[in-house]
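Report on the structure given below.
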Amino acid sequence: MPHLIPNQILHQELPNLVFSYSSLFFLPPSMATLQLSITLAMFFLQLLSGAHSSTFSIVNKCSYTVWPGVLSGAGTPQISPTGFALQPGQSTSIPVPTSWSGRIWGRTLCTEDSSGKFSCLTGDCGSSTLECSGGAIPPATLAEFTLNGAGGMDFFDVSLVDGYNLPMMISPQGGTGVNCTSAGCAADLNGDCPMELKVVDGSEGVACKSACGAFGDPQYCCSGAYATPNTCKPSTYSQFFKTACPTAYSYAYDDGTSTFTCAGADYVITFCPSPSTSVKSSDPVAVDISSTGSQPTSSAFIGGAITTTLAVLWQLRHLF
């Protein structure tokens, strides 16, 4: 989806360079020096860009059990577990690798049949097991992350582009940035969902489809002739989601008030957050993606890194 990594950003990572330090002594002097120079330069560049690993704390404040699912993006480190149960009031923490991208969502109304097949009425991932091997089947509220992206910043959002099944908020902890703030959807939309979008279990609304999911029309799906920000505009249906949840994505090109950034943060993902975290009481700040840059770095730190690098290279030249 275009909103997972905004169109203005190409998420680039430094190439991995893996080698044994002992191998340096079996290379010609010039090659050994060059290889170590490249490694040191990449190491200090990563430090200067603010690369960090994060911890996700996933909290269930709902009055019912939620089964979170996790999907890692292609080409990014995988995290485990990819699915588990959270009882009401329960929480768990997951360490997340540097430069991870992916999605987290909540599954509801899950059961296991006599043959051991696991399935959920909303947010099911189609794996037939507790852990997921794929993404959420819409409609589902999605928490989306790209960690250590452009400028070393974390980009995150809560998306209703694929519909909605439960309230969810992302709250950064300890990070910095002008729009490093809570984002998401604290409202319960299942009862007020338009009838043509509502998913029901008996007479009870349990999820709310997106207009794209309900009708498949290109103007709602931002596809075909509507596949650009200039041609795909908010609809009355997306405005229903946006009015209730001002800091959540309501359609694919809803970047302006829906993408948030932090540097050096951990994150709390809360299902059914308390009223004190309601998005209706917040004043979201839009992220200017075109001008996002890295955090300031002290000249003393830069100088120390350069001095250390030069000293190591000087010693290598004299060794060989």
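Each Cβ is built from the backbone N, Cα and C atoms, and glycine gets one as well.
Residues or ranges marked as disulfide bond in TrEMBL: Cys62-Cys272, Cys110-Cys120, Cys125-Cys132, Cys180-Cys262, Cys185-Cys245, Cys193-Cys208, Cys212-Cys221, Cys222-Cys232.
All features noted in TrEMBL, drawn onto the structure.
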| residue | record | contacts (Cβ under 8 Å, 6+ apart) |
| --- | --- | --- |
| Cys62 | disulfide bond | Pro88, Leu166, Pro167, Phe271, Cys272 |
| Cys120 | disulfide bond | Trp67, Arg107, Thr108, Leu109, Cys110, Thr111 |
| Cys132 | disulfide bond | Gly69, Val70, Leu71, Thr82, Gly83, Cys125 |
| Cys180 | disulfide bond | Pro172, Phe260, Thr261, Cys262, Ala263, Ala265 |
| Cys193 | disulfide bond | Tyr164, Gly205, Ala207, Cys208, Phe240 |
| Cys221 | disulfide bond | Cys212, Ala252 |
Separation of alpha carbons, Cys185 (disulfide bond) and Cys232 (disulfide bond) (Å):
22
Could you say which of the disulfide-bonded residues Cys245, Cys262 has its Cβ with the most other Cβ atoms inside 10 Å?
Cys245
Counting across all protein chains present, how many other Cβ atoms fall within 10 Å of the Cβ of Cys222 (disulfide bond)?
21
For Cys212 (disulfide bond), list the number of other Cβ atoms lying within 10 Å of its Cβ atom.
23
Counting other Cβ atoms within 10 Å of each Cβ, which of the disulfide-bonded residues Cys208, Cys232 scores lowest?
Cys232
Taking the Cα atoms as reference points, how far is Cys185 (disulfide bond) from Cys222 (disulfide bond) in Å?
22
Have a look around Cys125 (disulfide bond) and count the other CB atoms within 10 A of its CB, chains all included.
25
If you count, for each of the disulfide-bonded residues Cys185, Cys272, the other Cβ atoms lying within 10 Å of its Cβ, which residue has the minimum?
Cys272
